[in-house]
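**Q** The structure that follows is given in the form of structure tokens.
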């Protein structure tokens, strides 16, 4: 492995030669810095002062578990050049600092990724990309929008969409092996957090879901993650979100999403757009935090669209993409020299990333065409006076023939000629633990999110109070039967319709599940069982409170057993309704579409429930079969009416009496059997479980199809590599 170090030194010398006085290309146009006090005259890059910052060379000792950091003269730090901030402590020469390995080398060679229909003229999203990332460094994939940054990151991490096809090789510690669970972390561009939890609570639950072992061990991991992401001052604050006006700023929320992956202590961390929706201060704080994380030995690979000069100076290596083409891979200052050699020097007082994106972003051609007349009068507003397509071809050709590209190829050969230690899985928490954790977490969320849950309970109470007062004082005569049927129908139908208001909360739970399932922190069965167990107390609280208000205002039968059946029947109705909402939410993945679909479903079920027209009189083809049998309203209302009237009798005149079943014959279809109400309750229970089984199958089929395609894709790729 000593050859890797020698090759790394050769590559560093070839890359950093761009910043050495002997190799700089004299150009009066390559202005980037000004000396203090020289405001009027621009100072060229050759006249820049000496920098005292140091960089770290990694020496991987064969057969050892330590990584030695020896200080060597480094490339100039752009953040220190421009702002003088973020000073690095001086380390005396010759000092060797041993630290535990936390990272792994990653190399990708000739990666070509195709996605059908992704590009207008070609399906190739990434074209022959080659690069590497070493422990203790931060490698940045940069490029304009739709340049293939996220696709390349997913390809390296082994998380490509099933519709994509990948050609090429990815090596981890020199071996073409896939990264097991726990050895790497992946942070999406947009992640869903639970706003009603504090940072420490959120990370604690994440640790319980991800890690096996004892609780005391997981607490120390959580504290380490909080400290690593500089969240000590925010650890006990609510994350914030939908139900809270105030919460953590966007930068700290992004840090929390990264800290969730750090509780596993991954050796490799992939982050898609860590600066997404962050201002300049939050972006600088984010990158300084990630730089400090990389200094512990972790291998960081991130994608960035654009950065300030200070942020740009924190990168170790940069992979520059445009339309899937690799225009440069190497150290940051070598990229500046690369653009200068190609004829595009970075102007003074301009951020390097702005200059890069201006040169390689094809959208600027359209902007220049729009501002043609304005440019003629006011001069060019850009230093790149060339068609973007020509600039991209020039940069690509210059890079392919440069020493930087040759050094990358040689380094990858050295990294892959001998396999290092294989990454091992750290184990998972068992399903019973995960179900308990998710259930308890959901119960805690229910107790705190008043807008989704407690306000919902208040609305139920107000609705049942309105229905109860409207239908109060009916009495128990034969003439009140039709009105009582109407009251029960309105109670079941309107309360079921009101439960649609829980769709945003269910949608949020599904998004959290999707995020956790993609990182293997949860599974479909675990999610559905935990969701069922956590929803039972809340739904039962709604059922018993609403039933008591309605039952006593309408003055139904004064028997405790009948009251308990009423509560149980309505609770099963809510449980069935939530199963339907889960199916629709899982299919739509959109709040508005789910609400409109559920509204239509409820209206159709209300029409076929047998109240507006008796069930036996409904048209056969659609409304009676199958709609009246699918509608849960039918079984709920029929069971409640049987509970109320089967043991009753009504006097007709002074001699004759009729049973409650006979009194309801002309109003609603019910069964004459006493046990029929329990049969209706059993049907509701079967429907509640059946709808959740449908959700389970639906999510399982979607997930298994994705996993099957991924495995098939990996097998095909391995076969291609072997051949």
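Here the Cβ of each residue, glycine as well, is placed from N, Cα and C on the backbone.
All TrEMBL annotations are machine predictions without curation.
Small disclaimer: the values here were computed from a predicted structure and weren't measured.
The region 'Disordered' annotation in TrEMBL covers 1-26, 65-90. Annotation source TrEMBL lists compositional bias 'Polar residues' at 68-86. Residues annotated as domain 'ABC transporter' in TrEMBL: 106-348. Positions annotated as transmembrane segment by TrEMBL: 452-474, 486-505, 525-554, 566-588, 594-612, 624-641, 681-702.
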**Q** Give me the mean pLDDT over the domain 'ABC transporter' (106-348), rounded to a whole number.
**A** 88
**Q** Take the transmembrane segment (452-474) and find every residue of the same chain, 6 or more past its ends, with a Cβ under 8 Å from one of its Cβ atoms.
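**A** Cβ under 8 Å, 6 or more out: 242-243, 446, 480, 483-484, 486-487, 490-491, 494-495, 498, 501-502, 504-505, 538, 541-542, 545-546, 549-550, 552-555.
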**Q** Looking only at the recorded stretches 525-554, 566-588, 624-641, which one has the largest tally of CB-CB distances under 8 Å to the transmembrane segment (594-612)?
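**A** Selected stretch: 624-641, with the most Cβ pairs under 8 Å.
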**Q** What else in the chain is close to the transmembrane segment (525-554), if you only count residues 6 or more beyond its ends and a Cβ gap under 8 Å?
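**A** Long-range Cβ neighbours of the transmembrane segment (525-554): 431, 434-435, 437-439, 442-443, 446, 453, 456-457, 460-461, 463-465, 467-469, 471-472, 474, 484, 487, 491, 495, 509, 513, 517, 563, 566-568, 570-571, 574-575, 578, 582, 692, 695-696, 699.
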